[in-house]
Amino acid sequence: MELPRLENVDLSGKRVFLRVDFNVPVENGKVTDKTRIEKTLPTIELLIKKGARIIIASHLGRPKGQVNPEFSLAPVVETFQSLVKSKVYFSKTVIGEDAIKLSKELKNGEILVIENVRFHKEEEENDPGFSKKLAALADIYVNDAFGAAHRAHSSTEGIARLLPAYAGLLMHKEILELSALLHKPARPFVAIIGGSKVSTKIKVLTNLFDKVNHLLIGGGMAYTFLKSRAIPIGNSLVEKEFEVQAFQLIEKAGVAGIDLQLPVDHIIGDQFNEKAKTKSVDKMGILDGWMGMDIGSKTVSNYEKIIKNAGTIFWNGPMGVFEMDKFASGTMAIAKAVAKSKAKTVVGGGDSIAAINKARVADKITHISTGGGASLEFMEGRKLPGVEALKKKTSE
């Protein structure tokens, strides 16, 4: 997939509208995880070096089209300022005369961050008038927000049709790494899919089916698969309406010669909190009144053997309720096994990234994808509006 590149474009003195994904966790007015900000710094540094005047736009949370101080980018700007050498200004408005004036006053290499684009309901409606007002802030558009590329919004799609548009360095890297997984993975290709719901992962499981050699399933979604095979799951999370599809996937894997593995033992709890009593149970199933909260040691051992011999690994979704220390050991063990593997490793999804960081092995992973929903949709084989809008520019 060829996307228009920034590297050879003369940007000196040009106002560049840079869409980034600064949708980071903020607690008590402080950013608690800078990963997404840091990932886009190479693009920002390239623009500074080229003498561009940079207008940065992002969303934060879901303010539902209204100005809400809780979702202001102000604390994010504070963190961002400490990561770049250039002068950084903050516009309390997104569009209009004040924002345009600030954008025109920028000197080469300086940065203006505009307020949360989702403070305007027109952003998520991809309203043409709003896209035009965003385009008035700049001469050139660059999209480096892979994490929002699956949304057809004004700042990710609409504006790209109004200005010369390019992909940022992070956007390129994401597309390159994820495309390689789908088209030419080193074998054996192992996909580790976890998380709480089958409903959110069924499409990616289906698309990966004819590409992987091993499919390792964990997290809350595993219990829908186990229930479909009449294994007792007690009070564990289950999506009844997906039992048939789960059963069909197991059958299909058998026919296709894909090694689909489910947990053979579990760490269970009598309630969904840190105070829960815990037990370890094996394949006989989970007792009534108890719920599966993590994969057990036999499952970890089974999965580790497969991970050790992999050529390529894609991991999306934790193996259990890893936010609670009592139920984190399965996810932590898998994180460490993936990090230790000699395979090319790609990890996507907020929870999996948090697990990798918690296990302190982020530096051992080949590629950490910043796009949760976007990387899943890409792995489902779907077209991403934010990427398609950039491609259109090259063919026009």
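We count from 1, first residue shown onward.
Here the Cβ of each residue, glycine as well, is placed from N, Cα and C on the backbone.
Per Swiss-Prot, the feature substrate binding site maps to Asp21, Phe22, Asn23, Arg36, His59, Leu60, Gly61, Arg62, Arg118, Arg151; the stated evidence is sequence analysis. Look at Swiss-Prot and you will find Lys201, Gly292, Glu323, Gly349, Gly350, Asp351, Ser352 tagged as ATP binding site.
Locations of recorded Swiss-Prot features on the structure.
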residue : record                 : CB count, 10 Å
Asp21   : substrate binding site : 26
Asn23   : substrate binding site : 23
Gly61   : substrate binding site : 15
Arg118  : substrate binding site : 24
Lys201  : ATP binding site       : 24
Gly292  : ATP binding site       : 30
Glu323  : ATP binding site       : 14
Gly349  : ATP binding site       : 23
Asp351  : ATP binding site       : 18
Ser352  : ATP binding site       : 28
Other C-beta atoms that fall within 10 angstroms of the C-beta of Gly350 (ATP binding site): 18
Asp21 (substrate binding site) and Gly349 (ATP binding site), Cα-Cα, nearest whole angstrom: 14
Diameter of the substrate binding set by C-alpha atoms, the set being Asp21, Phe22, Asn23, Arg36, His59, Leu60, Gly61, Arg62, Arg118, Arg151, in angstrom: 18
Largest separation between Cα atoms (Å) of residues that the record links to ATP, namely Lys201, Gly292, Glu323, Gly349, Gly350, Asp351, Ser352: 22
List of residues, in chain order, with Cβ under 8 A from that of His59 (substrate binding site) and at least 6 apart: Asn23, Asn116, Val117, Arg118, Glu123, Ala148, Ser155
